[in-house]
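**Student:** I'd like to ask you about the structure that follows.
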Amino acid sequence: MFKSKFLKRIGTGIMAAVCAFSFATAEVKPMKAKAASEAVFPNADQIIAQAATLLGGNYSSAGGKGYYNMYDANKTPVAYDVNYTRSAGVDCSGLVYYTMTKLGYSTSGFAWNHPVPVDTTHWLSYTNPTISYKGTTKPLEIEKIRVSTNNHPYWERSNGSTIEPGSIVIGDPTNGSTDHAWIYMGEFDNKAAVKAYLKKIGVNPAYINDKNIHDNGDGGNHWRIEAQSTYGVVINNDTSGKYTGAMRVSSFKLNRNAMFTIQKTEIGTGKIVGISKVDGTSAVYGVYTDKSCKNKVDEIKINKNGLGTLSLPYGTYYVKEIKAPTGYNVSNDVYTLVPNETVIVNEVKTTGSIRINKTAEDGVKNREFMISWFENGAIHRERLNTNTLGVAKIDGLNLYDYDGDVINYTVSEINNDLRNVNPSAQTVTLSEADPNKDYTVDLYFNNEYKYGSLVLHKTHTDGNTDDRTFTVTGNGETYTVVTHGNEPAALEHLRMYDDDNNIITYTIHEENVPDRYVQPEDQEVTLLLNQVTDVYIVNSHVPGTLILKKRHEDGKTGDRNFTITGSDGSVRTAVTHGNEPTVISDLDIYDTDSNLITYTIHEENTPDRYEQPADQDVTLEYNKSKTVTIVNRLKRGSISIHKQNSETLEPVAGAKYEVTCNEDIYSSNGKDMIPAGEPIYTLETNEDGNAATPKSLPIAHTYTLTEVYVPDGYISGDPITIEMSDDGTQLEYRTTINEKPTIVKISKKSLTTKEELEGAKLTVTDDNGTIIDEWTSTTTEHTIIGKLTVGKEYTLTEVLAPDGFLTAESIKFTVNEDGSSNHITMYDEEKSGSIEVHKTTEGMINVEGISFTLSGTSDHGTEVNTQAITNSDGIATFEKIPVGTYTITEDAESVPYAYLVADEQEVSVMYAETTIAEIYNDEKSGTVEVHKNTKNKGNIADINFVLEGTSDSGRDVKLEAVTDKDGKAVFNKVPVGTYTITEDKETVPTAYLVAEKQEVNVLYAETSIAEVFNDEKTGSIEIHKTTEGMINIEGIKFILEGVSDSGTDVHVEAITDKDGKATFSNVPVGTYSITEDEKTVPTAYMVAEETEVTVLYAETVTKEIFNGERSGSISIQKQTEGMKDIAGINFVLEGTSDSGRTVKLEAVTDKDGKATFNGVPIGTYTITEDGKSVPAAYFVADAQTVTVFEAQTSNITFENKKKPDSSTPSTSLTTTSNPSTGVAANGAFAVTAIALALMIISRKRKNS
């Protein structure tokens, strides 16, 4: 087959197709195994690097491949030394063969695979081709079929895409020239790029030069490595084969792509990151062939599950994020992809920062701020302190939470000093910040002191408008203020608090009071935040100026009317407005008698809530103004209480209450301030339960009575609030307070029934052992009222237990302080014992976790229903079971289905004893019957079978059974489960194969049947039928007969094929006879003798059977005149035997002129005298036809007539012709021509 294709290729002489075989993808680093069971094929770099080991080597016109034995299927190809190969050279297909074989490839499905196609013609003939590497086999993916290079260049698939670097290209031109092969390297910008690439993949630098790398070809950026007769092994960007012309191109991809997967997770948390929950965007990764990520080949988009996959040829790839989902940063990390594995890539959430910039008048260091936000369902807070520059920064704040919701951050200054104004909190949304500034937001907080302002109002009683100078002192500072006439003068931006956060008092003093005015008194004021404090200063004329100032205890304001009556009988009226002073000038100091006038000041319209102020008398002095302050003091009232028992309404003595006001008030003298919440009075109830305050409490306030001492047996009550009205109509307030006694409720119950238990004698004692209460329990709980003190510890003791019960331990308790009743329960336990259930099974397995229920009624009538579960030892314990008789029931739900549920048991419990209940669970079982069969039902008794496996209960089971005369073996009481039945090979007759193992399921109370059949051991017989010349060997019938070793009668037939082969397959082992059916033997042959053959198990016995042809003899008698010259004459017998075989024999006469042809196949032949052996004096005898018969001798006489003398014309040309001579000459010429042609063909093939 190979030779005919080879000669046919020589006839074409040109390329008919180009085939591209891609080994792998471009990959820089050495190949890594994809998985433990599958090899990773070499990549393009490795393929090209291997081919380049011959770069610069010679071209072999003799068809060198770098190997020998590649054409001998029975021998392994052996590589020559690489230096020898470079010197001896390779041809174009030799470069391909050497590269692939060196790398370890093998193929199948091509015309010749040893281990890969050797010549170009081998590549061009294929059926379902595959490629293998290190035990891994892949189908070849056909990329394109016979696409003309007029339509697509050799490197381009039909769809316009480029074949893989590392592909094998086989060319078959259409113009009659020689085919060609090369390896495609890929795309490079120029020769320099090719050289750099070769260095990168480790090619010997000595090979990388301009002699071995040629450019300016018509392939542009597409480069290849080839072996050519002109330059040897070179790299170029040419496109043609050995000769120019259009090509038909086929392309094959030799290995499949790998799947590359990346899993995206959030760094730090490991949380899978899919699409953004903000806007549904996804991460996109660029896929590159270089770690610097410049040569991008594809992209991977991450799906909602955080996964991204991409199918690419095997190789090393790198990924780098080029687009991040909203809410995450684009990562600059570069990851190496691994074929068919998942690479974890990290995603970092987009975060921002908040930078606080603090300014303040009193320093910016260590200012404390609180940042709070709501994220992922929780509130988060962080505290920050500013540095010496007043800056505090927090980084790593997420823009969005896990649900994609925007996060808002609130920043506020905390723990600010009292002296400073607290800046307003600020809200930040980082997602709205500038991404070019890394989402950093600057916030500015300024601390200013709390400031107020003073406004000085200056007036003169005589209307003077001169300037006045004032000094204002406070906090160690002195300010000067000048008033101009009646215009107010302001002093602004005055601090309210000093550095110790104390409020500052400012003193105002007038400096330049003229002599005609009275020196005004200095005034002291404190300031209000961001408000104006008005100060009024009056220059009164001498004599006599009266200044009326009005103040109200409760701070309220209003106009007040006054009558000023002099001792001289003069009457004046005046009105005050709020807290502003009223000046009454031009009052006479003396009366007409030169006595000092006494002026009486009386308030006319005092509101009802105030006491009527006492009239005030005043005398005036020269050059001085006299100031009189009239204070409206609130009326005073009193509070009285009555304390009584809430249950009996009896008075409660000795309870103490503190009286406080909810607001600041003045004491009864009007001078001392009592702050809110400070005690004013402490009241203690007398024997009648009464107590009262003095009538000194200012009305229009709210007062609180708090119990500070509670008499024994009572519980402190809640504070009482009393509001005194401001209308002055009620001045006495009385309230009744109900004091709650302590209540303790005690129950005595059965521990089992939880019901009240009669007949127990109980006591309650204090910490000194004194009995506070004692009683005998009944069916209701016992209540102790008012005997026990809050917070004190008591002991409840059972003095005597009811019959049948154990005495309980004493209980210590403390009376509740919150006023709630104590509920104390003491339980008595019935006398009891224990039960241990001892659970057993075969092998003591599956005894753990079994539930048992104990039910029944105790001897004292207690209903019992409880459960216990066995431990690893199969023991379940029921503890503290009241004495009595009970039933133990196994819970069927907890019993493994492989077991039967145990029967109920009755068990008695004795006081302080443990009763043992033994419970055994039988396994559920079934039966297995093995039905043994063979052909003809023979040899089926006494066969041993083994059943083994693990029962459903988990127990190892191994049983044996032997077949009876009917071939039946029975396994009884087999625990339910799945088992393997194995035939004991020692008991199987040697003529049979041991049956395959069988799996059998045993079901509860059922019989499972396992059918087992034993095939006889068989072998094969191949008859190789031969004849002389290997003709007439097809269609011959052979009969195989006999009895097998198993006793089976065998009679089968087989007929030879065209190669003379007849096969008896699946013949039972044994010894048989083989007989040739004479009816099918051609008559020209003898029937072969019967032969014996022994068939062995799993072997093929070859039997050579030769059919001799039927034959006879021919005896030639040579005659001449006088019987001279008859020795040494050669005769040639030629013709076709009856068997169809061409026969040519020679025989030479002896001294008697006899020549004999023995063993001549029957048939008709021509006998020719060899003219060269005939003496020149004789004519050559004419040829004769003779028929040979079986076992007979045909006699023929050849007579040679003597030639006449030389003077006599010769007639030998017409009477003596020898056609075989001419034929022989022509045949010799043909043989010579064929030999020459084969030499040419061999040379041509090697050149390819």
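Placed from the backbone N, Cα and C atoms, the Cβ positions cover glycine too.
TrEMBL annotations: computationally assigned, not manually curated.
Quantities reported herein were computed from a predicted structural model and do not represent experimental measurements.
This is the feature table in TrEMBL:
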- 1-26: signal peptide (SIGNAL)
- 283-340: domain 'SpaA-like prealbumin fold' (DOMAIN)
- 637-732: domain 'SpaA-like prealbumin fold' (DOMAIN)
- 744-829: domain 'SpaA-like prealbumin fold' (DOMAIN)
- 833-921: domain 'SpaA-like prealbumin fold' (DOMAIN)
- 926-1006: domain 'SpaA-like prealbumin fold' (DOMAIN)
- 1019-1105: domain 'SpaA-like prealbumin fold' (DOMAIN)
- 1112-1202: domain 'SpaA-like prealbumin fold' (DOMAIN)
- 1199-1219: region 'Disordered' (REGION)
- 1206-1219: compositional bias 'Low complexity' (COMPBIAS)
- 1223-1241: transmembrane segment (TRANSMEM)
**Student:** Of the listed stretches (283-340, 637-732, 1019-1105, 1112-1202), which one yields the highest count of Cβ-Cβ distances below 8 Å with the domain 'SpaA-like prealbumin fold' (926-1006)?
**Tutor:** 1019-1105
**Student:** Over the domain 'SpaA-like prealbumin fold' (1112-1202), what is the model's average pLDDT?
**Tutor:** 92
**Student:** Looking at the domain 'SpaA-like prealbumin fold' (1019-1105) and the domain 'SpaA-like prealbumin fold' (1112-1202), are there 3+ C-beta pairs under 8 A, with each pair at least 6 apart in sequence?
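**Tutor:** Answer yes, regions in contact.
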**Student:** Summarise the domain 'SpaA-like prealbumin fold' (744-829) by DSSP state, stating how many residues are helix, strand and coil.
**Tutor:** 0 helix, 45 strand, 41 coil
**Student:** What are the DSSP helix/strand/coil residue counts across the domain 'SpaA-like prealbumin fold' (637-732)?
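**Tutor:** The breakdown for the domain 'SpaA-like prealbumin fold' (637-732) reads 0 helix, 46 strand, 50 coil.
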